[in-house]
Ligand code: SF4
């Protein structure tokens, strides 16, 4: 099973260290290049009862880490495909990923409707 490069809240609760190098063998190929593997600041997931200003600041800091990550595209697609419900992945917050997914669904629906229209005109 593919594991996130940075810890989820559940993983954080079960693992003693922020980055578990033993997981590297289980991870996908892009995980070994993830910049956040060495990040121990807890930037990527919200602690409980985080104030809004602190959340925004933490998310911006996480995005700055993502911006210099060589596997940002792979990470983002992974998070969109699952979808990952929490945390910053591939430079996007959970809310931003929901917007991207909604846009994709609308585009797919429009494309499907367009194809159906073409078929009905041909038939
Ligand atoms: S894009 Fe961000 S969250 Fe994804 S692996 Fe890189 S640093 Fe981690």
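Start at 1 and count along the chain as shown; that gives each residue its number.
Each Cβ is built from the backbone N, Cα and C atoms, and glycine gets one as well.
Remember, TrEMBL labels are computer predictions, not curated facts.
Positions annotated as [4Fe-4S] cluster binding site by TrEMBL: 36, 66, 69, 75. Taken from TrEMBL, the feature compositional bias 'Low complexity' applies to 7-20. The annotation domain '4Fe-4S Wbl-type' is assigned in TrEMBL to 35-99. For 1-31, the entry in TrEMBL reads region 'Disordered'.
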C-beta crowding around residue 66 ([4Fe-4S] cluster binding site), within 10 angstroms:
23
Sort out for me which one of 36, 69, 75 has the most neighbouring CB atoms within 10 A, since those are the binding-site residues we care about.
75
Helix, strand and coil totals (DSSP H, G, I; E, B; other) for the domain '4Fe-4S Wbl-type' (35-99):
36 helix, 2 strand, 27 coil
